[in-house]
Amino acid sequence: MKPRLIFQYFAYSFLVFLPFINTLPCSYQNPRIEDVLLEVPIEHHHPHRHRRDSENPTETPPDLQKFAPLRIQLHYDKSIQNLTAEVQHFVNTTLLPEAVGYWENALRVRPMKTPIRLRRKCISSFYYYKQGMRNVACDKGCRERTTCGEADIPNDHLLDCLACNNTDDCQTTGEMGEGVKESDFILYVTAHNSKRCEGPETLSYAAHCQQEADFDRPIAGNVNLCPSALSVHNHDYEILTSTVKHEILHALGFSVGLYAFFRDKDGKPRTKRNRYGRPTSLNKQRGYYDWDKNTITTVLREEWWTGEGKVIHPIQMMVTPKVREEARRHFGCDKLEGAELENQGGEGTVLTHWEKRAYENEAMTGTHTQNPVYSRLTLAFLEDTGWYQPNYEVAEDLHWGKQLGCDFAMKSCGEWIHQKRILGEDAYPYCSDIKHDGTKSMAITRCTSQRDSLALCNLIPFQKELPPQYRNFMSLPGVNPDGAKYYGGSVEMADYCPFLQEFEWKMPEKEHKDSRCELEGNGKEGEDILEVYGENSKCFEFPKPWTERKCGRIRVLSHYMAGCYEYQCTNGTLYVGSYNATDMYPCYAENQKVHIKKVVDGWLREGSLICPKCSDYCSSCGPPIVIPDYIGDPELDEPCFAFSKFSVFGLFSCYLAILYIRF
């Protein structure tokens with residue numbers, strides 16, 4: 001993903017703000033083969049039995065005992081102490097406990113019966129397996145330090161070192177640590193300002209480092225928090241917690257390096273194993289074991305619509321049972337093969353996230369855009385690992401694409417937009433309002449589908465032609481015939497599909513403000529369209545732009561076609577309120593207009609709000625009533641300075657006002 005796209009409105013009241021659409025790509029990197037230690041003995045019910053005792057490495061282990069809530073043990077590295085006291089307190093008491101607590105509540109595992117003791121890293125890349133051997137033996141002994149990502153693993157968490165000169169000459173050195181008790185996963189938390197933290201978009205990253213012997217489940221991992229990206233500001237809380245939850249999930253299982261280790265519901269490997277119990281094919285070039293087609297398969301979309309004709313479009317599908325079931329359920333498409341995986345973004349993003357075009361704000365897509373949710377699809381993925389039983393009650397509702405059918409799920413966004421345009425219908429959840437043409441802003445505010453935020457259509461021109469398979473328009477209003485192939489949504493991972501996206505207001509030398517209605521700090525008293533931000537506010541759309549009038553002059557606020565306003569539900573009726581209003585206005589029916597007229601700072605401000613369905617905002621709504629012809633404020637005279645004994649000053653003031661508007 002490219003960094004933030006900044007633009008500027010040209011209405012004078014927008015000159016003090018710099019609105020920009022924010023995307024934060026995931027910084028995941030699949031750990032190298034040599035950095036992941038397998039075969040950690042976990043000693044379930046048979047403390048001296050090792051899975052290698054089995055003559056058939058593909059047989060089901062006997063320990064299919066009851067599942068219990070996942071227990072994650074946090075171990076803070078000393079690098080955390082380099083953070084400021086305020087940030088350190090936030091990390092230790094809020095950020096990590098909340099992120100970890102979410103997954104502990106969401107997942108159940110086969111519980112560890114004894115303390116986790118991790119393997120030591122070998123000096124060389126050679127090691128020995130031997131029947132009855134409790135631990136993997138190193139060829140030339142063990143390293144002094146064993147790391148997990150950016151963290152040093154304490155000796156107290158490690159097994160002793162088993163080293164062999166040959167299969168019969170083995171000895172144990174070092175001491176066995178006490179291990180980590182009452183835990184199923186150890187998460188080592190670091191705060192190193194590493195090279196990967198140099199990018200302004202990187203907040204944190206994580207990966208697994210060791211897997212247990214019986215079922216191959218990851219049992220240890222590292223999450224590194226980039227110090228310069230940590231913030232205690234309220235506006236940043238959602239994105240920080242969601243990002244850390246996202247990265248932890250990579251360590252728990254959502255990783256291209258773990259797909260070949262998945263198991264079915266009976267505990268049997270989904271991918272064929274060799275006599276050592278490893279997947280049969282190691283892809284050395286890509287750094288992971290290859291999986292069988294019952295996990296991920298390639299599907300060809302042979303008539304993929306583009307603005308320049310149809311092409312063949314290959315996609316990668318996760319086709320495990322629960323994932324397929326949830327994907328079909330979500331879209332309402334019984335012939336969908338599975339859930340599409342990301343095909344853009346480079347190493348660490350491709351195949352390790354859901355496809356952005358198909359699952360826009362699902363938290364396990366490859367870049368954060370807005371309102372991230374962990375849906376049933378991601379929990380189904382975790383169930384299909386064979387390691388977890390998810391609690392589907394914690395799943396959040398994914399509205400993107402919900403029940404939009406097979407055409408939405410299986411065809412290009414360009415075809416969806418094209419067909420809707422022919423039918424004269426809205427292309428939801430896509431859009432076609434151009435944000436800017438490279439020289440001037442054309443942005444128009446709208447409401448998100450959940451009406452919890454303002455949003456802009458992220459359709460922009462690129463400097464180069466888009467890849468042929470992502471040219472989603474035959475033509476665009478106001479764009480020359482050859483220019484459509486340069487236009488696409490600003491989020492490349494979404495196949496350049498344009499959609500409404502939340503944004504931030506960046507004010508010079510001040511904090512960022514974003515477009516969410518619920519945050520009171522996003523508002524500004526007396527601003528042009530008289531908005532009210534706060535926990536009781538939602539987004540309302542306008543039938544036409546607002547105006548400001550004064551001294552015979554008029555300004556049309558054409559960039560605004562939606563705003564945030566206070567609402568309440570009383571006696572089965574939805575009410576909406578604006579800034580500087582003594583009473584709230586009733587919304588008796590969907591699409592009813594509320595007319596607002598206020599004199600603020602010497603200007604007559606006029607605009608109308610479109611009422612949504614009462615049930616969109618209120619849990620209890622009354623029966624329909626006869627709607628009055630007009631609901632809103634009475635007519636007001638346009639203000640202007642009067643000539644009196646201060647007539648010279650009045651004239652001068654009006655002259656200044658005219659100059660200000662012209663500017």
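Glycine residues also receive a Cβ, built from the backbone N, Cα and C atoms like all the rest.
Residues or ranges marked as active site by Swiss-Prot: Glu247. Summarising the annotation, Swiss-Prot assigns Zn(2+) binding site to His246, His250, His353 and lists sequence analysis as the type of evidence.
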Requested in this report: Show which residues of the chain containing the residue listed as 'active site', separated from it by at least 6 in sequence, have their CB under 8 Å from its CB.
Outcome: Cys26, Tyr28, Ser204, Tyr205, Ala206, Val223
Query raised in the report: If you draw a 10 Å sphere on the Cβ of His353 (Zn(2+) binding site), how many other Cβ atoms land inside?
Result: 27
Query - Non-site residues, in chain order, whose CB comes within 8 A of the mean position of the CB atoms of His246, His250, His353 at Zn(2+) - result: Cys26, Tyr28, Glu247, Leu249, Phe254, Thr352, Ala363, Met364, Gly366
Requested in this report: Rank the binding-site residues His246, His250 by the number of other Cβ atoms within 10 Å of each Cβ and report the first-ranked residue.
Outcome: His250
Report summary line: Per DSSP (helix/strand/coil reduction), His246 (Zn(2+) binding site) sits in helix
